[in-house]
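Okay, structure first, notes after.
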Amino acid sequence: MTFRVIIVGGGVAGLTLASAFEKAGIDYILLECRPAFDVAVGASIALSPNGARILDQLGAWEKWLKIAQPLVRWGDRNSKGELIMPRSASTPLAKALTGYDMTFGLRRSLLQTLYDNIEDKSMLLPKKSVINVTCSQEGVAVQCADGCSYEGDILVGADGTYSKVREYMWRLADRDEPGLMDPDKKAMTAEYQCLFGISKASGSIAIGDADFIYDHDRSSFIFSDNCGRICYFILQKMDRVYEMVEIPRFSQANAQAYAQRHADIQIRPDLTFGNLYEHSESSILVALEEAKFKQWSWGRIVCVGDSIHKMTPNLGAGASASIESAAALLNSIKAMFDHSPEEGPTETQIRECFAQYQKSREVRATAIVDASSMTTRLQALRGWFEFLFVRLGMPIMGSFAADMASEIWVGATMLENLAPPKASLRGTLPFNPTQGQGQRESKLKRALLGLPFLALLLVAKTATDAKYASALRGYIWESGGMTSAMGSVPLLQRFYSMKGVGDLWSLRYINYLPDFYETNYESLSQAVSSSIDVGIVMSIWSFESIRRANALTMAQIPTLFTFYGQMAGLGRVSPLYYILYYINSPIEVFKGADMRLMHLNYAIAVLPAIIVSYYIPLSAAFFWPTVSGRKSWLFVWQMHPIWTAITLYLFSRIFPSTVKEDRVHGLRRDLPVIKFSMTVLVIGAAGFWMWSRWTSPSSVARVFFPTAVPSTQAPFAACVCAILKWDMLSTFGSTFLWLGYLIWDLKYAGMMQATWVRVAIYGVAAFVALGPGAAIGLGWLWRENILAHKRHKDAVTEENLAQTR
């Protein structure tokens, strides 16, 4: 079959595509208007793991590594050049996550690497400036300024931001389908300008350093390579947003004036941009175009790379995005080529091929353009949100840049006709085409699926709204005591000296009096066992608050929920906690094994913190030998949300934070600590459950399950007992429901093979034998172990590939 592709443009996308065609055995020819393929156009370039994997497939990655510089340390700095947060070791992390370094180097060096990787150089033709394009049912013809003409079946425009091929495609489409391309003719804009340049290295900047400086309406970033050079980028917001036809061009005089105007930028406390510019070897001032074109092809013409998705440089994602698009186009063309008749594909087949290419790539490409745009405006502190996020959010997240980059890397396209490289199969963030930018699960969908939590919340609110109990509680407060089986019990009306705090807790501690001072064994058994089981729920919330995947979500602040739970009842709060968790923590947030990871110093502190702040005061409040002592301890226990937060923080300070090292070398270092802590709590809860079952004269159902809504006609003790039963039913019911949702996520991702019948049998057996708290703890541990050892069914790993062979 005679089939030829004409590529116009010998940049990153064009040369990648040429190499891919050569590997696939598809005839092509590449036309480049410049006299050589390694001309010094542009300053530096970055390659991310998503692009590195494709170069590895083509055999060019190792060649690039010999001349490129891996990114060693990443620093985010304020306008004074001071670090916003501790620097991160980027290269070990990137390689651990994906198998590839984050690298940068000169653009011309990458072009030379791609050029050298192509065996048959006769297909690469320089000095070929396109002056006309014609299409017919039989094929496409390209005429060049030197008088030569070339014919083929497909024309690919890989000729950059101001693509000539795209212009000819628009003209041809306007002739046959007027108006189709009109939106795209206004799609490109520019709001920022940037001075790109190369300078001699400064002594204070080590090889492999990268610094990003955040400032109002301007930003800058630098990279230091292993050849004594610093590549710099100085960005500033322009006076307005320029549309495509009016985007400004700048002269060298403009560039020099721009550099002088920004000479005061503090790259570091002891280094200004002016110091760098004094040793500058080259520089160019350009407007930063941004574009997301909607029509990637028409007829037999298709565009790739910057000609269809143009992004700002702040994420360093442009080159890898172009490489990905080239791979996606090759995949579609190869699939068509392999299933075409002997006489070659028809124009209809070609159009379908191009549509499939755009469908496979557009969502990710658009998401990466948007992410780059957001990063540009974030680093330029565009508004109050950006300012507050940089000042408050980023230090909490710690590795914001790496986590954001992983969203771009994970769902990357690869060449489907070539095997995935071994390096790409061993990362802790396995590539997965169903995850990452543009592939996120809908939060609205998860919110709708989580409506049963709100139903439980409504039940809890209705069942625990005992107006009679509240009224009688006020009467007891005013009278200064209550009558119980133990006789008259005077109230301890003030324990904390601060009036507001004392009144707040004094009024609420009356709710616990029947459980602590009645001789009703059923009430005591229910209160002790339920309170111990609640401690396991509190521990799980504490563990979840220190999980990397839960950064900047409501799960990170369990104190808010536990405090309100003490005020209004945990049964009213837990469904709200769980639906928020479920919405914000789909299985995709665990795409990298490091996202499951917890901060080890905090994980070690959870068990002692819970024991000191929750279980010791609780035990003393129930079993202290004197009534006055029990009342005092009850006041202490009531404020356990505050004490837990304080003790967890203080105990965690005893141990150093190792999360940076653990993300690279210790992904499961926290697991033994978590297992030990939860096992201790489960054993304790199971022991009390068994004790209450064996010693109680009443059935489990009578002791722990409500038989009716609290009645206004019942005695105060009976009313409070019924309220507690409903409160615990909502608390434990919503927790089991939450675990069910989490198991559903695991099964949907193919990470759990157990059937629902098996899960139900295990759950019911654990509940009956060990109690709700122990069953919850074991179920949560089961899930934790799966997250630590299993990967998503669509992840490109050695294990998954072996199963598909």
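Keep in mind that glycine also has a Cβ here, set from the backbone N, Cα and C atoms.
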* Have a look at 194-214, 383-403, 551-571, 572-592 and point to the one annotated transmembrane segment in Swiss-Prot. => 551-571
* Asked: What residues, ordered by sequence, lie under 8 A Cβ-to-Cβ from Ala46 (FAD binding site) and sit at least six positions away in the same chain?
  -> Met102, Thr103, Phe104, Phe223, Gly316, Ala317, Ala319, Ser320
* Asked: Taking pairs 6 or more apart in sequence, does the count of Cβ pairs under 8 Å between the transmembrane segment (604-624) and the transmembrane segment (671-691) hit 3 or more?
  -> yes
* Compute all pairwise C-alpha distances among Glu32, Ala46, Arg107, Asp306, Ala319, the residues listed as binding FAD, and give the largest one in whole angstrom. => 22
* Structure fact -> Rounded Cα distance in angstrom between Arg107 (FAD binding site) and Tyr214 (active site) is 25
* Tyr214 (active site) in three-state DSSP notation -> strand
